[in-house]
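Input: a single structure, listed below in structure tokens.
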């Protein structure tokens, strides 16, 4: 039986009305949907769980091109940590993303590149992309890069980043992309951990109207990177003050001019690594997550096609960077595997104004838009006046990624961006999952604002009691979200540390993959992601989800964002401390009155036991580059350990920390 607390959480979810897909969505579909209705989805899902060989085998042959057919669809277990898919098969990721489309339709747009300054924007066709990828691959091959090697990529979100990744994959090597915003120290750590033989970068980056000396950061990092032998430098700004290190650094344009526009791709085994990607530092030391080639490619293609309802005529705009998994899977691999154009955006949603996203959608008639709630909150704060200037009628599917989208942001997204005419896909997944785990299929699964809905094909989701470790059967329940069997795009290991992989994902609940997140499953079987399991506070025996308390706080129209942490309390075990940032125009609000109002809001929404001990009003919350709130920072400050914050240089807004320390000190009488 669920506890009263669990029942209350799920009861709140059950009260949300189902939203059917608007008729305009179907009117805008260029072809019939891939799945007719939710019943067909459920039938396909059941087959994917009960007969994964019979389900995924034919799909792998349909969506991917093979140099040598596979003989075994699925092998290994979660418990043993030896998952493998499509054994015996051979293929190449670059061929699947580029060549086959270039041969069939060379003039079709592949990369629609929107630069920070719109005047620098351009389009690469599939034919162009094949030539550019082959030339860069030729350079790398001449440097001795081969199957089994790893090459680092430290580039902004531009065409060259995509070309570099595909060129590395063309040779059967693995790419390790580092977000072009990390410090020299972070670059060094990632390059050394992956033993990268080469690095691909640029002179400078342009983002939000600002210029960043990318090459300088790389030079600082490479002082302590003994494995890097060569560096390829793209001239983004052509700044004459950027200098090369003789014998190590070479300019992109000079070197690629030496090689022909076609280089045959290298076949690799299905389980050979395609890439490494380091998880963000919000959970401690970054882990180099390793994704295999065939399984990852199938996951990317399958989820892009079915969850977003992608057709050959569509144009996907994923507002995510290739420095993160969203950019890998849904800006690069997913759309290119399906042969559709992908919009690559170098800039920010606020430059030159808050209408930039919508200007891009209108200009290219994008059919799909995929973005993080962090950006949506920023745009909502700026107001709707920038949205109404643009024609967004080409849009059919709106996606959300990176964190659960709160019902109020969902409603705003639906009304002002989608005009109540689009399907919204609130997607739940992870760097480690490679592709979507839980999401409502566009045009198929009705929505519940705030819920990620049903698991995707092959994802046998389960809720685990965190105390007993036993699976919770049935609906109307809450627990730790786990997965009962492996799926094609699941990460295979942590680079050079399989023990860490097992301890992190497989050993907490043997026989299950541990997501690290809590979730509720309502009476319809819809999943509601409740945030990280470690983002739970225990007040007087009540286990409270911080995400639930945060949702209650942002119901107040004055609050833009909220983050909740637990601190030690002699009486209750833990106490709730809430940090809130206000919307523009509310900074002069009576802070004491607002604090009391917010405490009352939580008491009313959840119960007296969940009421924050203190509400601290701040200018901004500390975030990672991918937009996730760093609650670790807030916990340290709240525990009077501000002198033990560690490295905060990888935050997107490190200046926020000083304001948080000051606000906490002012309220608790400490400096």
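Every residue gets a Cβ built from N, Cα and C, even glycine.
As recorded in Swiss-Prot:
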type    : residues                                                   : note
BINDING : 207, 208, 209, 210, 326, 540, 603                          : CoA binding site
BINDING : 402, 403, 404, 426, 427, 428, 429, 430, 431, 517, 532, 543 : ATP binding site
Using Cα positions only, nearest of the binding-site residues to residue 429 (ATP binding site) (207, 209, 210): 207
Binding-site residues compared (208, 402, 429) - the one with the fewest other Cβ atoms within 10 Å: 208
Residue among binding-site residues 402, 404, 532 with Cα closest to the Cα of residue 326 (CoA binding site): 402
Between residue 207 (CoA binding site) and residue 427 (ATP binding site), the C-alpha gap once rounded to whole angstrom: 27
Proximal residue to residue 603 (CoA binding site) among binding-site residues 427, 431, 532 (C-alpha distance): 532
Number of Cβ atoms other than its own within 10 Å, given for residue 431 (ATP binding site): 19
Long-range Cβ environment of residue 532 (ATP binding site), under 8 Å and at least 6 residues apart: 516, 517, 518
Proximal residue to residue 402 (ATP binding site) among binding-site residues 208, 209, 210 (C-alpha distance): 208
Sparsest Cβ surroundings (other CB atoms within 10 Å) among the binding-site residues 209, 404: 209
Around the Cβ of residue 210 (CoA binding site), the count of other Cβ atoms that are within 10 Å: 10
Proximal but sequence-remote residues of the same chain as residue 427 (ATP binding site) (Cβ under 8 Å, at least 6 apart): 307, 399, 400, 401, 436, 438, 439, 452
